[in-house]
Amino acid sequence: MSYNDLFIRACRKESVDRVPVWYMRQAGRYDPDYRKIKEKYSLLEICRQPELAAEVTLQPVKRLGVDAAILYSDIMNPVASIGIDFDIVPNVGPVIDNPIRSAGDVERLKPIDVEGDLSHVLETIRILDRELEVPLITFAGAPFTIASYLIEGRPSKSYIKTKTLMYSEPAIWYQLMDKLGDMVITYLRAHMAAGGKAFQLFDSWVGALSPNDFKRYVLPTIERIFDELSDLPQPKIYFPGVASGELLPVLGSIKADVIGLDWRVSIAEGRRRLGGAFAVQGNLDPYVLTAPMDVIEAYARDIINDGIKEPGYIFNLGHGLFPEASPDKLLGLTEFIHRYSEEAIARLGRKESHHV
Ligand code: CP3
């Protein structure tokens with residue numbers, strides 16, 4: 001099989017003969033092969049063994065036939081290098097013993113040393129660059145989303161401690177955003193040098209902010225990250241996470257190629273709010289995968305019909321896969337997207353050539 005660059009072409013709004021698809025959290029507990037490996041090793045133990053991390057990254061590509069791989073890692077991994085001890089607790093998420101609460105806590109954060117502390121990540125990327133026949137997406141957590149774990153100490157629903165710091169101690173907040181921004185820039189640049197073919201910045205929880213607060217407290221750092229990485233040729237994705245529909249109108253200044261949408265806005269409405277500059281990615285509600293196959297297909301058909309109306313569309317879920325997802329339905333969905341989008345794009349082409 002020759003190299004499949006559909007995903008890269010769609011990021012660049014080039015023509016494609018079918019819609020590329022990958023899934024956030026496509027390597028994970030819904031996959032029985034992954035669960036077998038997890039019986040022996042924790043997430044962090046897998047990440048520290050490049051051969052194994054590469055194998056886990058490849059599993060969904062082989063099982064599902066998706067058009068891109070996403071590096072097996074976690075958004076928390078780089079924070080070990082800036083001096084934060086954390087653990088990823090099963091069924092909970094990232095947990096930090098000494099959360100960040102004061103100016104001193106932020107001052108103590110060190111610059112990231114990717115080669116020194118995270119060489120296993122770069123080695124995993126190099127292995128995958130040799131083995132993959134689809135593009136490798138690498139990723140980082142965005143400053144707000146990482147800060148929410150660093151400040152709360154564990155997953156939160158209200159982000160009360162994060163917002164308390166943000167509103168009450170803006171100088172500390174901005175210093176934290178600056179340091180996490182620097183971390184992300186250095187980390188992603190190293191990924192791209194090691195062979196990454198695109199990256200996604202995951203801002204999973206930033207939808208907890210109003211558009212004005214997003215603009216004031218977060219957007220400057222997001223702009224800086226994409227500005228400083230704009231010399232890189234690889235496509236760049238910003239995913240503003242769940243409930244981010246209201247933020248879309250204020251993202252226009254970000255030098256990303258693609259914006260990820262959650263399922264609360266349609267693809268057409270998302271594009272309208274973004275103002276047309278970006279390719280878009282998304283946005284099936286992951287829990288639609290609990291429905292019978294014909295219902296899943298009907299949802300996917302509507303999303304694809306919307307997506308292919310303009311160049312630059314990548315199928316994905318509106319958020320990550322969940323552990324109870326059925327591998328069979330996921331395979332069925334992937335095959336459906338490939339088959340249906342190819343027919344639909346061909347039909348569209350015929351209609352357009354008929355017009356001229
Ligand atoms: O997408 C992929 O397949 C690549 C791997 C990946 C993981 N985490 C592995 C993982 C990616 C892209 C992430 C990113 C990540 N991690 C995000 C952003 C994406 C999102 O979902 O919004 C966030 C917020 C985290 C933090 C985190 N890590 C959470 C909330 C959890 C879930 C805790 C749980 O057990 O339910 C984790 C753990 C984690 N990271 C798992 C995986 C496969 C599940 C637990 C495990 O298998 O050990």
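Cβ atoms here come from the backbone N, Cα and C positions, even for glycine.
As recorded in TrEMBL:
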| type | residues | note |
| --- | --- | --- |
| DOMAIN | 20-29 | domain 'Uroporphyrinogen decarboxylase (URO-D)' |
| BINDING | R25, Q26, A27, G28, R29, D74, Y149, S204, H319 | substrate binding site |
| SITE | D74 | site 'Transition state stabilizer' |
**Complete:** Span of R25, Q26, A27, G28, R29, D74, Y149, S204, H319 as binders of substrate, largest Cα separation rounded to whole Å, comes out at 22
**Prompt:** Under a threshold of 6 Å between Cβ and any atom of ligand 1, which of the recorded positions R25, D74, Y149 are retained?
**Reply:** R25, D74
**Prompt:** In Å, rounded, how far does the Cα of R29 (substrate binding site) sit from the Cα of D74 (site 'Transition state stabilizer')?
**Reply:** 14
**Asked** What three-state secondary structure does DSSP assign to D74 (site 'Transition state stabilizer')?
**Response** coil
**Fill in**
Least surrounded, by Cβ count within 10 Å, of the binding-site residues R29, H319 is R29
**Request:** Between the Cα atoms of H319 (substrate binding site) and D74 (site 'Transition state stabilizer'), find the distance and write it as a whole number of Å.
**Result:** 15
**Within the domain 'Uroporphyrinogen decarboxylase (URO-D)' (20-29), residues counted as helix, strand or coil by DSSP** = 0 helix, 1 strand, 9 coil
